[in-house]
Amino acid sequence: MATDKNDIGPPIDEPVQNGAQPRKVAYFYDSDVGNYAYVSGHPMKPHRIRVAHSLIMNYGLYKKMEIYRAKPASKFEMTQFHTDEYVDFLQKVTPDNMDNYSKEQARYNVGDDCPVFDGLFEFCGISAGGSMEGAARLNRGKCDVAVNWAGGLHHAKKSEASGFCYINGASNIVLGIIELLRFHKRVLYIDIDVHHGDGVEEAFYTTDRVMTVSFHKYGEYFPGTGELRDIGVGEGKNYAVNFPLRDGITDKTYKGIFEPVIKAVMDYYRPEAVVLQCGGDSLSGDRLGCFNLSMRGHANCVNFVKGFNLPTLVLGGGGYTMRNVARTWAFETGQLVTQDLGAQLPFNDYYEYFAPDYELNVRPSNMENANSPDYLEKIKIQVIENLKLTAAVPSVQAQDVPRTSLMDGLDSDAEDAADDEDADANPDVRYTQRTWDAKITRDDEFDDSEDEEMNEQNGVRRQPGQKRRRGIMDFQNPNA
């Protein structure tokens with residue numbers, strides 16, 4: 001493949017080594033998330049979270065992190081950012097009664113991109129709950145990194161759905177940030193989705209307590225916001241950072257802008273906590289994206305941010321080529337727990353999705369990189385100049401902070417008891433329909449160890465070379 005003349009920049013870092021500094025990781029997953037579907041043919045497929053989780057489990061990453069099923073966000077928690085009327089509408093509207101809410105659908109921008117579907121309100125609660133509880137655990141020092149791949153939907157506004165997002169990363173991202181602000185003076189939000197993170201930027205556009213940094217495609221592209229000159233207003237002036245990009249940006253050129261900008265943010269703004277949105281639509285080959293990042297180029301951003309050793313909430317986001325998103329988020333989970341993953345995918349519930357190579361890789365294409373070195377350098381210089389103006393200590397009081405934290409007033413023993421109560425109230429049975437369909441033998445047919453039984457319930461499949469149940473096909477070996 002010919003080298004693009006604009007493909008300049010430092011090389012991508014090598015995969016993490018097992019000797020790197022370990023961090024305590026809390027991983028949030030709700031086994032119901034894949035049960036929801038927008039409408040037939042819609043590019044947003046919540047099932048991708050389930051596919052990513054299957055890879056994460058079958059790579060054995062669960063052994064290196066704590067896994068939680070968060071309580072879905074309540075209506076009250078959603079109204080900490082969204083209007084009461086908007087949340088009421090989301091709770092009441094269904095495909096069966098949507099004709100009775102035609103005016104509300106127009107008012108709240110619910111329709112084509114953001115359709116009404118069965119379980120809409122419940123899906124919003126799941127997406128938001130993991131982010132909020134992840135932030136709470138970071139605040140309490142229970143973990144160093146919290147991961148919620150179901151979170152990160154960053155377009156929804158205070159009283160409006162947008163860009164496949166209903167409850168903005170708000171009960172998701174925004175409320176997670178507000179929770180972090182209870183214990184941290186400055187919070188940094190980084191967005192590597194191909195689309196501008198307009199909903200989160202709008203929520204904090206007038207405050208210096210939160211800096212939003214977005215690297216995105218700009219110019220005749222949804223949502224049409226995120227110019228270089230959009231830098232915030234009032235106390236928030238210079239605390240909104242936008243790096244507008246053109247089509248085809250590669251791993252090297254992305255690294256060449258991402259790392260210097262984030263390093264400058266850390267030097268001048270000095271955040272105490274980070275929220276990293278890892279939208280997978282910036283990957284090469286995405287159905288709706290236009291960037292040319294490989295899996296490793298995308299993960300380089302995660303690894304770079306991890307290196308600052310700050311409390312970090314890691315979220316998903318966009319991503320519309322399911323097999324690529326799942327592979328990348330699994331790989332990035334490995335980066336976060338400091339575990340190299342084998343190039344050959346482990347056997348899993350969705351193994352056939354990854355044909356024909358069954359490899360842990362998302363390769364770049366030969367698309368043209370429209371981002372010239374001069375263009376990127378000019379933008380980078382201006383962004384860093386603006387960042388130099390943020391060195392002053394920000395104001396202490398955040399805007400719209402909830403009156404109570406998720407665990408406010410609880411001592412350590414009470415927090416542990418609350419965790420146990422949550423586990424009892426929200427049992428996480430990780431059997432999927434596909435698992436039940438494949439389970440055609442009795443539980444006692446083989447003499448499994450307790451570990452194997454637990455793994456089986458958590459979706460960890462027996463790998464080639466190990467004793468497997470009959471009826472489960474090895475897609476790599478048709479003679480198995």
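Cβ from N, Cα, C; glycine included.
The domain 'Histone deacetylase' feature in TrEMBL is assigned to 42-333. The average pLDDT computed for the domain 'Histone deacetylase' (42-333) is 86.
Residues or ranges marked as substrate binding site in TrEMBL: Asp113, Gly163, Tyr320. In the three-state DSSP scheme, Tyr320 (substrate binding site) is classed as coil.
Here TrEMBL flags His155 as active site, proton acceptor.
The divalent metal cation binding site annotation in TrEMBL covers Asp193, His195, Asp281. Asp193 (divalent metal cation binding site) falls within neither a helix nor a strand when secondary structure is assigned with DSSP, and so counts as coil.
TrEMBL lists 403-480 with the feature region 'Disordered'.
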Task: Give the residue from the binding-site residues Asp193, Asp281 that has the most other Cβ atoms within 10 Å of its Cβ, counting over every protein chain displayed.
output: Asp193
Query: Between Asp281 (divalent metal cation binding site) and Tyr320 (substrate binding site), how far is it from one CA atom to the other, in Å?
result: 6
Message: Quick check for the class: what is the C-alpha distance, in angstrom and rounded, between His195 (divalent metal cation binding site) and Tyr320 (substrate binding site)?
response: 13
- prompt: Fewest other CB within 10 angstroms, which one of the binding-site residues His195, Tyr320?
  reply: Tyr320
- request: Sort Asp281 (divalent metal cation binding site) into helix, strand or coil using the DSSP assignment.
  value: helix
Task: Using C-alpha atoms only, work out the spacing between Tyr320 (substrate binding site) and Asp193 (divalent metal cation binding site) and round it to an integer in Å.
output: 12
